[in-house]
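S.K.: From TrEMBL, for reference:
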{"type": "TRANSMEM", "residues": "A:9-30", "note": "transmembrane segment"}
{"type": "DOMAIN", "residues": "A:110-317", "note": "domain 'ABC transmembrane type-1'"}
{"type": "TRANSMEM", "residues": "A:112-136", "note": "transmembrane segment"}
{"type": "TRANSMEM", "residues": "A:148-174", "note": "transmembrane segment"}
{"type": "TRANSMEM", "residues": "A:194-212", "note": "transmembrane segment"}
{"type": "TRANSMEM", "residues": "A:251-278", "note": "transmembrane segment"}
{"type": "TRANSMEM", "residues": "A:298-324", "note": "transmembrane segment"}
Amino acid sequence: MLKFIGRRALFAAFTILIVSAVVFAIFSFLPFDPAALTCGQRCTDQIVEANRVRLGFDKPIYEQYWLFLSGIFAGRTYGAGSAAFTCPAPSFGYSFNENACVTDMIREALPITISLAVGALILWLIVGIGLGIVAAKFKNRWPDTSSSVFVLLATSLPTFVTGLALLIWVTIKWKLVPLSLSGYTSLIDNPFKFFQYFILPWITLAIAYAAIYTRFTRAALLETLGEDYIRTARAKGVGERVVFFKHTLRAVLAPLITMAGLDFAGLIGGAIITETIFNLPGLGRLTLRSVYEFDLSVVLATTILAAVVVIVMNLIVDMLYAVLDPRVRIA
Amino acid sequence: MTELLRIQDLHVAFKTDDGMVRAVDGVSLTLNAGETVAIVGESGSGKTVTSLSVMGLHKKGSAEISGAISLNDHGTFKDVVSLNDDQIRDIRGRAVSMIFQDPMSSLHPYYKIGNQLAEAYLVHNPGKKKEAMARAIEMLDLVGIPEPAKRAVEFPHQFSGGMRQRVMIAMALMNSPQILIADEPTTALDVTVQAQILALLSKLKKEFNMGILLITHDLGVVAQVADRVNVMYAGRIVEEGAVDDIFYSPLAPYTLGLLKSVPRVTANNERLKAIPGQPPSLINLPVGCPFAPRCEYKQHSSESGCNSTKPELIGTSETHRSRCHIPEALRKDLFTKEVKELQS
């Protein structure tokens, strides 16, 4: 098991290195002058050239990449003399648009996105798997039919429709959840406010995903119920409830966890639409804003971060799979 | 001889969109302690459906079952057809056990072998975890798995096909049932492993004084282990008799066809003599003998009965019975000659 984890971790680190190099290369070859983007309307060539030297854009690409990499581990100082400023490690660059270290910007946005993703994940796992179980248990009866109506509706409604609808009715018309103007409060500081802040975004995301999980759980359960080993369990005299909740559900767990891990990783990369609708200053919004403003150092950092999350989640899912499925351990 | 199982006039039909599929159409048979009774027939002849009925494993909604399956549960006879779900569940794995065709997929991939075996015991003896594990290891040892205590904590994928079938047998015997149903137990295995499994089944039959109901399409297996044979075609038994009756003096044209279609080592470049045609659809059975469209002896029938009525199961002797419209004496003559030719 340790050997398996070690090998996979090494492989993951290597993948991350390659991804960062590719992303860095793409951004370097974009037809923009990154130095020219650093100053506003009253710009002179002098300032541009000074910024070019300060940010290291005058150096060859491989050296820039090396500076970027070493910045992550050692921090990075821009400029020299009294004008010098430092982004401490881990430094992912400096945003001239915001006059801030990229790392600090991500540090502010990340908890919001993680709170959004974790809450939504929990919600959609409960609803999706729950409905899937009910649908499979009562196949072709009314609970199954109503759950497929939910699946159909939820998969066909895009998040900007459900999100806006929730906002308009629940917050503005029925005033069930107050419009939060005070901004993000962490779970530890004020749990009640935290839930108030996130409940609608959670529901918005969860609806879309729960539908997929309902359909998947139902299909996987019904398929497993037809397996030979389920017939064996019945032949032993095992009761229907144990057959369903032990033998059948256990077999469905591993693929469900794989799916959940990858979907979760995708959300950390940014639930752009949901964050925009509910005005959540998370990673998605940060990326979107940076793209509009050509804030390339931020886009570079968030892109690499999204890739890293996907790779790390893959690693975690693989390790979980090895725990859940005994057949994987030897491979 | 203790009677363990008596199936009487069993009918099983399944509702489908195309109509009722009459998978089993009036099957009667008995099984006694210490004997192996084979049910032989091609795919779709109703042999597996018959055996699943004994286990009560048909879904309540989809199958219509009538007739009687009287099963000896350690002294008291119970009619499986009329039992409710809980009563059938109580019999399964305790009074009657079953092993299946494909040992590769019949074990749960995520649970340890020992736990899967122990579960069979725990279902009928709740709470006795220690005894269950001890029994599991004892049974693994009995079916010839080396180092049973070590293998018990392994998973199914760490076992070969033959070993898994041994595990399935061990699981079936956890509660020392009197009846063992073996549904094509060797079909998915190598020939050498087949022989080992059959020998093991014979050995265990004596040890447990069980009756084995052997479902197979392999006449080689039947010749090796069966005491009595039931040949099924289109949901009905077309011939029943002692194993020698079936192999040396068959009386149903279908039985003879099966015997003739067994590949032979001595046949030089001869084509395999398969029975022509396909088994009939079980939704629209012909009015006459279901085998008539494929029967090459039809012209010997004195009456034109083959196409108009279904033949009855008529006894030549106390134990040997068959269904055919051709006069018995004529059949004996014709078929014995052909069997002799086959054996020369």
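A Cβ is built for glycine as well, from the same backbone N, Cα and C atoms used for every other residue.
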S.K.: Take the C-beta pairs under 8 A between the transmembrane segment (A:194-212) and each of A:9-30, A:112-136, A:148-174, A:298-324. Which stretch has the highest count?
M.R.: A:112-136
S.K.: Which range out of A:9-30, A:112-136, A:148-174 gives the transmembrane segment (A:251-278) the most CB pairs under 8 Å?
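M.R.: Per the Cβ count, the answer is A:112-136.
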S.K.: Using a threshold of three or more Cβ pairs below 8 Å, and leaving out pairs closer than 6 in sequence, do the transmembrane segment (A:112-136) and the transmembrane segment (A:298-324) count as in contact?
M.R.: no
S.K.: By Cβ distance under 8 Å, which residues at least 6 away from the ends of the transmembrane segment (A:148-174) in the same chain are close to it?
M.R.: 131, 135, 200-201, 203-205, 207-208, 210-212, 214-215, 271, 273-274, 277-278
